[in-house]
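Have a look at this one.
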């Protein structure tokens, strides 16, 4: 085969490779900051496509979407335009774990995001496959496509997803493919490891079969409707845009059973996961149905949610039934389940293996340590999930854009955002399996709530140029309204006689002395609307999201203060920087494992070093003293 002749294409400030959820955010962020940006994708019909679950949000993930929105990203706005159902999860629990989840019209989501990208003045969308990078003296200067085009740029972002040497597996069948039977990118990650010496890993994920909604017996399943109370992901979407419950699409709940499990057990010898065909490591928190049956053999049933894929399709997603079993076995499994006895399978489930850049090779900015001006994001970094990908894509795009503009990078700390938690986990601890964000990963989750993402991050987004002045002024007004109402409640006193009957009706003890309105609101049986029965309403008609903040900040004030004190202590450690070129071999007293881990990950602060597995408190003490005593003469020249 003759070699493709190369030619010089246009020059850009930023090039983003891959237009999934990470790439879309990265390209929009870079372009909106004033950079001439090129977004390359294998297939223009796959921009921001949802090859797996047709949903956005959920525990921890929904908070990330709010954070993306507060920073000026697009995912929240896009799902607000294209959802078919909206639900707030964990409403019976505390505010730290509440999260919004939307059922998406996956085709509308893709089309709307593509339209947004095409309308962005500084952004060029182009179909093509990137095979290699242009690297000179360790600096990335652009990309080379399989058609021979050489595009020069000041910085490059790779968001390759599962297309990176992707391989689909269904039973005994396996073939090279990206997600949803799209084309795989075969050369780029091969060059990353062979030419640029990146350490790659092989991960696996999977997807369930899709069934024809017209063949589901819904009478045998349990309806899961959306919420009546308005909620959106974007802080800019008004309640008036909320879809009435009667116009939302329901999901439906069913279960596997002993017959299902028997079919799976009888065919385990044909399951690629157990036959040795699958080499990649799969996600712990989203196992295949065959893996569940083996790992949780004592369970008599597993939940399955039947989810619509959109308003203009009859395809339904069977959440919880991810599998790579042979096609005919998948049909048997489906027909053993209540409500799916006559279901027609429209697409079989499959497993897909793909390449991952081991994330210890990244900085907190998502720039690679091996090649300057090269950034990576999304599943390329070992994460799973659209939301995790979009969060990383936004940060990578911001930092690639700021590098092109000659500005300092943005880094989010663990105490700033779930996005900061995720990136710190990846670059500090690495991951040996597809990484999923969980509320339990965030030690400051009471501060990192879905309801206060704008209060945490809008200022940052505005400073970056991603949040408009109009949006910022609306945010400042909301912030002032919260402050004013909290102050007002701290100045109003309530007499015991005013609330005696109310407290008796709640089965609560009465007051002996008068209390401030803020103290009365702190009681668990009292909400803001109850409080207004005993005091004057504020002069201004407050938005419900202002009232929500007033309630949360009042009721959880003590816990929030304790969490903030811990954050302040962490910040002092974060301020203790570790010199870039420190020579860990020159530091006497470090344990062998600690020395090896510090050398491999090369943390930038004492706080980050303390979070590395295998680095002991004694190692941290020695390292701190070494830096404090100014023994930097031993830093490698």
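Indices start at 1 and increase along the chain as displayed.
Yeah, the Cβs are placed from backbone N, Cα and C, and that goes for glycine too.
As listed in Swiss-Prot for this protein:
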- 18, 19, 20, 21, 22, 23: FAD binding site (BINDING)
- 282-296: NAD(+) binding site (BINDING)
Including all protein chains displayed, how many Cβ atoms other than that of residue 23 (FAD binding site) lie within 10 Å of its Cβ?
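By my count, 31.
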Measuring Cα to Cα, how far is residue 284 (NAD(+) binding site) from residue 19 (FAD binding site) in Å?
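Their Cα atoms are separated by 26 Å.
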Taking just the CA atoms, what is the gap between residue 294 (NAD(+) binding site) and residue 21 (FAD binding site) in Å?
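That separation, Cα to Cα, works out to 33 Å.
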In which DSSP state, out of helix, strand and coil, do we find residue 284 (NAD(+) binding site)?
coil
Whole-number answer please: how many Å between the C-alpha atoms of residue 290 (NAD(+) binding site) and residue 21 (FAD binding site)?
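The Cα atom of residue 290 (NAD(+) binding site) is 28 Å away from the Cα atom of residue 21 (FAD binding site).
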Can you check what DSSP calls residue 20 (FAD binding site), collapsed to helix, strand or coil?
coil
Tell me, how many other CB atoms lie within 10 A of the CB of residue 296 (NAD(+) binding site), whichever protein chain they belong to?
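Around the Cβ of residue 296 (NAD(+) binding site), 12 other Cβ atoms lie within 10 Å.
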What other residues of this chain sit with their CB within 8 A of the center of the CB atoms of 18, 19, 20, 21, 22, 23, the recorded FAD site?
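The surrounding set, listed in chain order, is 16, 24, 25, 26, 41, 48, 159, 161, 377, 378, 389, 393.
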Run through the Cβ atoms and count how many others sit within 10 Å of the one on residue 20 (FAD binding site).
30
Cβ distance under 8 Å to residue 22 (FAD binding site), same chain, sequence separation 6 or more: which residues?
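In sequence order, 159, 161, 377, 378, 379, 380, 389, 390, 392, 393, 396 meet the Cβ cut-off.
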Cα distance, residue 292 (NAD(+) binding site) to residue 20 (FAD binding site), nearest Å?
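Pair distance, Cα basis, whole Å: 29 Å.
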May I ask for the distance between residue 18 (FAD binding site) and residue 282 (NAD(+) binding site), taken between their Cα atoms and rounded to an integer number of Å?
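Residue 18 (FAD binding site) and residue 282 (NAD(+) binding site) have their Cα atoms 22 Å apart.
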Do you know which of the binding-site residues 21, 284, 290, 292, 294 has the most other C-beta atoms within 10 angstroms of its C-beta?
21
Looking only at Cβ atoms, how many others are within 10 Å of the one on residue 19 (FAD binding site)?
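For residue 19 (FAD binding site), the 10 Å Cβ neighbour count is 29.
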Counting across all protein chains present, how many other Cβ atoms fall within 10 Å of the Cβ of residue 18 (FAD binding site)?
32
Measuring Cα to Cα, how many angstrom lie between residue 286 (NAD(+) binding site) and residue 19 (FAD binding site)?
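That separation, Cα to Cα, works out to 24 Å.
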